[in-house]
Amino acid sequence: MEPAPARSPRPQQDPARPQEPTMPPPETPSEGRQPSPSPSPTERAPASEEEFQFLRCQQCQAEAKCPKLLPCLHTLCSGCLEASGMQCPICQAPWPLGADTPALDNVFFESLQRRLSVYRQIVDAQAVCTRCKESADFWCFECEQLLCAKCFEAHQWFLKHEARPLAELRNQSVREFLDGTRKTNNIFCSNPNHRTPTLTSIYCRGCSKPLCCSCALLDSSHSELKCDISAEIQQRQEELDAMTQALQEQDSAFGAVHAQMHAAVGQLGRARAETEELIRERVRQVVAHVRAQERELLEAVDARYQRDYEEMASRLGRLDAVLQRIRTGSALVQRMKCYASDQEVLDMHGFLRQALCRLRQEEPQSLQAAVRTDGFDEFKVRLQDLSSCITQGKDAAVSKKASPEAASTPRDPIDVDLPEEAERVKAQVQALGLAEAQPMAVVQSVPGAHPVPVYAFSIKGPSYGEDVSNTTTAQKRKCSQTQCPRKVIKMESEEGKEARLARSSPEQPRPSTSKAVSPPHLDGPPSPRSPVIGSEVFLPNSNHVASGAGEAEERVVVISSSEDSDAENSSSRELDDSSSESSDLQLEGPSTLRVLDENLADPQAEDRPLVFFDLKIDNETQKISQLAAVNRESKFRVVIQPEAFFSIYSKAVSLEVGLQHFLSFLSSMRRPILACYKLWGPGLPNFFRALEDINRLWEFQEAISGFLAALPLIRERVPGASSFKLKNLAQTYLARNMSERSAMAAVLAMRDLCRLLEVSPGPQLAQHVYPFSSLQCFASLQPLVQAAVLPRAEARLLALHNVSFMELLSAHRRDRQGGLKKYSRYLSLQTTTLPPAQPAFNLQALGTYFEGLLEGPALARAEGVSTPLAGRGLAERASQQS
């Protein structure tokens, strides 16, 4: 028989039957499976069979032979129990640890089956004498035997038991028959030395056994623990009833959560259907080559649905399992109360009590989760941007045909590696009317060496022109109208090597790869496999024209803050970057001291995408002013705007909302690796602090698998470069003038440099990939760096050993004299580079700082020592992880 719905109001529904997390199939008729040997039952037989369906095995639905009661209160036959292993095949509940036996003989079900079998024989008029096999006429309730008239006379001659004719019993209902057989059960003394069973009415609570009068008198040690056995049975039945009543409250709580989860699953399905329909409607309006984007969006929606559905299904399954156990226990106690004998109650009470106690310990609150069905909003946003950008691109194509000046403006770079791919993309562009001549930089390759630019001139695309004025933009447009050759990737022979090197810059270093790789193209429309660069929302003082049709995939988020100080302090920032370049290289270098995370050495690390990540910090406010990330397919950008411009820019949002969009961008990928150019700079600690303020740092940790230090990696691949500033590397190897004020320009330069150097995820990057815990420890040590008691390089070395601020503070609190000395061994590599007069680890300054911190925040501020209360949350989290 198929499982019935979980909350069906039908009276014949059995709560102990198996259920499915989703809507189960309807019940099938039970005819054809009855084990009764009678081919023609009476009219009462089908009703009784339907009522006692709970006696069947709940796994195979056959009549249970040797029924076994599991700890989860499901009943199985012996065959299904042997095949189930160490867990219930119905609710998948494992056997409890320390249980003597995984299952109990269900003597209640076995006795009830035996009595029902006798009743069927009586009703079917095919009962035969137990002794002589003749047609039976009487039933002895004491011996539980069918007797013919002849055997009945002999039986009554010796035993004088109560026996009733079968004709009288056939007129009784099954309940009346079972009630009569139940009341005749007697309890005998548990002493096995009695020759004949002795009836008893005494129960010893010390021995937990029924005793006859003789055994009770001989057992003098438990004289005060003996009671009437009827009172003991009544007390145990009342205890089980009380536990059942308590479980009713849990049934209501679990039922409410179960209903909420069912509603959430339905809402999730409706949201999925609405999103898919919206996607299909919009995609029908675009041209043929955008259908690749439609498939990508549908797959992303389905992936999000599958991820959310699996999480909800697992919780729903857990709720179903607990509800099944609660209802099975309640039903079993009620049936035992109706049909079980006194001996059966005594035998099964302890097992039932343990199972019901475990059920009472279940808490539905721990199973509740914040059900989010709004996760499809980001796909709607991407769809809106895609549709609007394509529509604007078509309008721009018409204006470009009429305006040669607009048509000659260089477009954003994309990457098309194969010639046939380039021809296909070119054909699509010509079909849209977007194919125009574009100025390109020529990059040539030398056999055995590395690609270097033959010549380079400034090509200011809209994505990199944040710091260019209107005059410069106009000059750039005039310059770009001249006819320039397209970009050429060419393998040069040995004969022309010297001449080519003479025309190119001989002093320029070359990246350490032996294969010529095409840098990003600067013309052509976006292909489905190539990322496109979108428009950027600028401040009112940046009068730039946004990019055209190649900007479909980028999501632009404007965050509430200020960017005015970024423009004022750009020159000082460039000086700081230039002066600290050597120290950054030393700080960013690979370290052999750190222990690699197991996740980073995973053979499946190649499947984790690289996401190039950068952010800009305002020098005055020390807040995030820009944030950008890019992978092979899509880009994410955050531009800061003052709150005064919220009414002007429709996409202006708060910092919290912007960070949430960035977390959604990361969660759409499979735990990517974040590649940062200056990994150990002040940017990530500020970023961690912003996430900590909105309590989303844990979500960021789960969304990524580690951090890649891009600067030492590029330094390793191009050891002879004259400067490792990202702007100089982009100008040398990408023929690109990169704006240092743009986070998007930085991540695009990093991505294209890594493409040129053939950097791809895998075990070969393990020495440059750092776990989240190391960067979190580094962020927690920033108050010490800002207080000038711990150099940043030493903070990095401590972070590589997962030493956090709270660990240092705890060590000093335990031993104020020598508690910090043990951390000097982590800095042994640093001591060789310092002058003898300067200790590698200024224990005195650090101890003084902690002393002021322990004496009180007010005293510490009075002495001029900064108190790192703002970073305490990060410090505590890093300490727990380390």
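The backbone N, Cα and C atoms fix where each Cβ goes, and this holds for glycine too.
What Swiss-Prot lists as Zn(2+) 1 binding site is C57, C60, C77, C80. Marked as Zn(2+) 2 binding site by Swiss-Prot: C72, H74, C88, C91. For C129, C132, C151, H155, the entry in Swiss-Prot reads Zn(2+) 3 binding site, with the evidence type sequence analysis. Swiss-Prot lists 228-253 with the feature coiled coil. For 468-484, 505-516, the entry in Swiss-Prot reads compositional bias 'Polar residues'. The feature compositional bias 'Basic and acidic residues' is assigned by Swiss-Prot to 489-501. Annotated SUMO1 cross-link per Swiss-Prot: K65, K497 (among others), in sequence order. What Swiss-Prot lists as SUMO2 cross-link is K160, K380, K476, K478, K487, K497 (among others). Sequence annotations record features per position, and here Swiss-Prot assigns ubiquitin cross-link to K380, K400, K401, K476. As annotated by Swiss-Prot, zinc finger applies to 57-92, 124-166, 183-236.
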- request: Taking the recorded Zn(2+) 2 site as C72, H74, C88, C91, identify the other residues of that chain whose CB atom sits within 8 Å of the mean position of the site's CB atoms, giving them in sequence order.
  value: L70, P71, L73, Q87, P89, I90, Q92, A93, A321, Q324, R325, T328
Task: Determine, to the nearest whole angstrom, how far the Cα atom of C80 (Zn(2+) 1 binding site) is from the Cα atom of H155 (Zn(2+) 3 binding site).
output: 41
- prompt: What are the non-local neighbours of C60 (Zn(2+) 1 binding site), defined as same-chain residues 6+ apart in sequence with CB under 8 A from its CB?
  reply: C77, G79, C80
Query: What is the average pLDDT across the zinc finger (124-166)?
result: 77
- request: Would you list, in sequence order, the residues of this chain other than C129, C132, C151, H155 that have their CB within 8 A of the centroid of the site's CB atoms, where the site is the one recorded for Zn(2+) 3?
  value: T130, R131, E134, A136, Q145, L146, L147, C148, K150, F152, A154
Query: Among the binding-site residues C57, C72, C80, C132, which residue has the largest number of other Cβ atoms within 10 Å of its own Cβ?
result: C72
Statement: Candidates C57, K65, H74, C88, C91 (recorded positions); nearest Cα to H155 (Zn(2+) 3 binding site) turns out to be K65
Query: Looking only at C77, C88, C91, C129, which of these binding-site residues has the biggest number of Cβ atoms within 10 Å around its Cβ?
result: C88
Statement: If one takes Cβ-Cβ under 8 Å and requires six or more residues beyond its ends, the residues near the coiled coil (228-253) are 187, 200-203, 205, 210, 323, 326-327, 329-330, 333-334, 336-337, 342, 345-346, 349, 352-353, 356-357, 359-360, 362, 364
Query: Tally of helix, strand and coil residues over the zinc finger (57-92) according to DSSP?
result: 7 helix, 6 strand, 23 coil
Field: Residues in the zinc finger (183-236) grouped by DSSP into helix, strand and remaining coil
entry: 18 helix, 11 strand, 25 coil
Query: Taking the Cβ of K380 (SUMO2 cross-link) as the centre, how many other Cβ atoms fall within a 10 Å radius?
result: 17
Recorded positions: K65, H74 - member with fewest neighbouring CB atoms within 10 Å: K65
- prompt: Nearest to C132 (Zn(2+) 3 binding site) in three-dimensional space, by Cα, is which of the recorded positions K65, C72, H74, C88, C91?
  reply: K65
